[in-house]
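Colleague: Below: one structure in structure tokens.
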Amino acid sequence: MKMMEARKNVINNDFAEKESNCINGQSSASYLVWNDLTVSVPAGSKRKLLNQLSGYAQMGRILAIMGPSGSGKSTFLDSLAGRISSYVRKKGNISLSGRKKGFLNHNDLSYVTQENIFLGTLTVKETIAYTANLRLSSKVTKAEIDEVVEANIKEMGLGDCAENKIGNWHLRGISSGDKKRLSISLEMVTDPLILLLDEPTTGLDSASAFFMARALRNIADEERIVICSIHQPSGEVFDLFDDLLLLSSGETVFLGEAKMAIEFFADAGFACLRRRNPADHFLQCISLDFDSQTPASSGFSMNMKTAEIKATLIQSYKSSKYSCKVRKKMQEIAATDYQVCQLNKNTNSSKWKQLRVLTHRSFINMYRDIGYSWLRIMLYILSSISAGTLYFDIGYNNGAIINRGKFVSFLFGLMVCLSCGGVPFFNEELKVFYAKRLNGHYGETLFVHANFISSLPFSVVNSLLSGTMIFYMVKLHHFCINFFCCTTIIESCMMVVNSLVPNALMAVVTGISVNVLMMMASQIFTLLADLPKFFWRYPMSYISFAKWAVEGQYKNAMTGLEFDSAKPGEPKPKGKMILKTTFGISLDHSKWWDVVVLLFQLFVYEVLLLLVLKYKKWIIPSGGM
């Protein structure tokens, strides 16, 4: 309780006037109420994922949602959190103590999903600290934020692993139980009134599952509404629950005090054997997965299919005292003017602070990720050495004309291949962004800006190292001025592709295909004048960043040079003439115009990434109530 009070004091430090916003004399209890909640699939199908569910969850109590796979547990939680897809229809009302659901913001309700999504290079403490800096008011001091972080670490039992890295595909990290507790800890930073959890004990051993349930018990005791779905709890875990909602095929089988569920099943004719886990018995009675099999150890004698048992239980509940109690309480809640103070209103940091925090977090993640930073730098260096030795001291003889053209093509292909190496890293950050956006931590604009700013130093380092080595080894006339622009724009293109496809492997394949398409519209494979006018020259040659990059590099490599003549006595061919006659490069504008176009296209790709992320937000709800 002391830790809870310390955290609340910090969070509400700038909202001392919150009590004056509540009407005196009102009841201060809070109930999350759902009435006739129905979720159905699109038109053309009569299937209902949830069918007229009604009930409530009370502050200070844990409501456990149980049911077989496909019973609607996750759909129910998604409905409460406002995360139902636009492809399904939702009917019914959800309210907090009689107030409409729009009364809550992201800091009042937190949703912990089954999947634990983190940046694996960060430590447990760093992850909580970054979340606190993102979500708490900008007026909260660093000392107060540190206090919140320490309170969360202690409350969720993360002290032993606080300085350990979370871990990813190449880095050994913390256990699955610690990751689940960390997920809860991140959502507890703002001290939410309502905590929703989707199967928090999944993948945990019995001891870890029990301690997880104990942690939820402590959270509920701190005057919060805790609702969690759970698949098959042990008897000890089941005893920690206050209330129980049993679902089967989207319908309510039972809603009431968890300890009374045994009595309800017995009254309906399906008594649970002594010394048998009640949760196992309940699920066996209502699971339709093995309807062709008759339960052999159900504790009651009959020849009924589970579909018949389920139908009997649903009808028994509708006419039972438990259903009457729920309806009566819901009427009482609707008639009472409850005091519901929105304690966490507008507690998020300012946009500038969030941008600084996100940029710093992303930079640290990039710096520590071996695959993104150090391995790619080594590959850039090795590739530059290879290119430098292959075209070492390229010279000015007549054969160097063709070799310089091949060098430009090789250089662009090198940048395309190496830029694809950042896809798995960005895919990890993208997953974290999607999860955090659902809980209202930050939006797509801040994410895009922070990711771009944090990646710039690495692009500059790679460009300078590679460009300098190639410049001196090949002995180019001018420095590779558009190397940085081209590298950055290819990575931006890969980010856009990554945001459109579901996983990193598909992003790499699709991204390479897009880059090859861009290369086909450049002068790498055929002269610009020889490209078919339809599509390839207009508009692809103008859209293709490869065209502008290769054109600029050709000008950079040829302009101002003179080459040895093919035969003695003939005039020496000049670089500009070769550009026009041999490579078909237009001299209407300088290489600096190509650089400007590349910078503009870089801006376009960043805007396109932002639009794609916003479009996905419209398709997949952003969460909240």
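Each residue, glycine too, has its Cβ placed from N, Cα and C.
So TrEMBL lists the following for this protein:
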type: DOMAIN; residues: 32-274; note: domain 'ABC transporter'
type: TRANSMEM; residues: 374-392; note: transmembrane segment
type: TRANSMEM; residues: 407-426; note: transmembrane segment
type: TRANSMEM; residues: 446-470; note: transmembrane segment
type: TRANSMEM; residues: 476-497; note: transmembrane segment
type: TRANSMEM; residues: 504-529; note: transmembrane segment
type: TRANSMEM; residues: 592-613; note: transmembrane segment
Colleague: Averaged over the whole of the domain 'ABC transporter' (32-274), what is the pLDDT?
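Modeller: Mean model confidence (pLDDT) across the domain 'ABC transporter' (32-274) is 89.
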Colleague: Using a Cβ cut-off of under 8 Å, list the residues of the same chain at least 6 residues beyond the transmembrane segment (504-529) that approach it.
Modeller: 409, 412-413, 416, 420, 423-424, 427, 490, 493-494, 497-498, 536-537, 540-541, 543-547, 549-551, 554, 583-586
Colleague: Would you call the transmembrane segment (374-392) and the transmembrane segment (446-470) in contact, using three or more Cβ pairs under 8 Å, pairs 6 or more apart in sequence?
Modeller: yes
Colleague: At an 8 Å Cβ cut-off, counting only pairs 6 or more apart in sequence, do the transmembrane segment (407-426) and the transmembrane segment (592-613) clear the bar of 3 or more pairs?
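Modeller: No, the stretches stay apart by this measure.
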Colleague: For the transmembrane segment (446-470), could you work out the same-chain residues 6 or more beyond its ends whose Cβ comes under 8 Å from its Cβ atoms?
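Modeller: Tertiary neighbours of the transmembrane segment (446-470) are 351, 354-355, 358-363, 366, 372-373, 376-377, 380-381, 383-385, 387-388, 411, 418, 422, 426, 429, 433, 437, 476, 479-480, 483-484, 487-488, 491-492, 495, 606, 609-610, 613.
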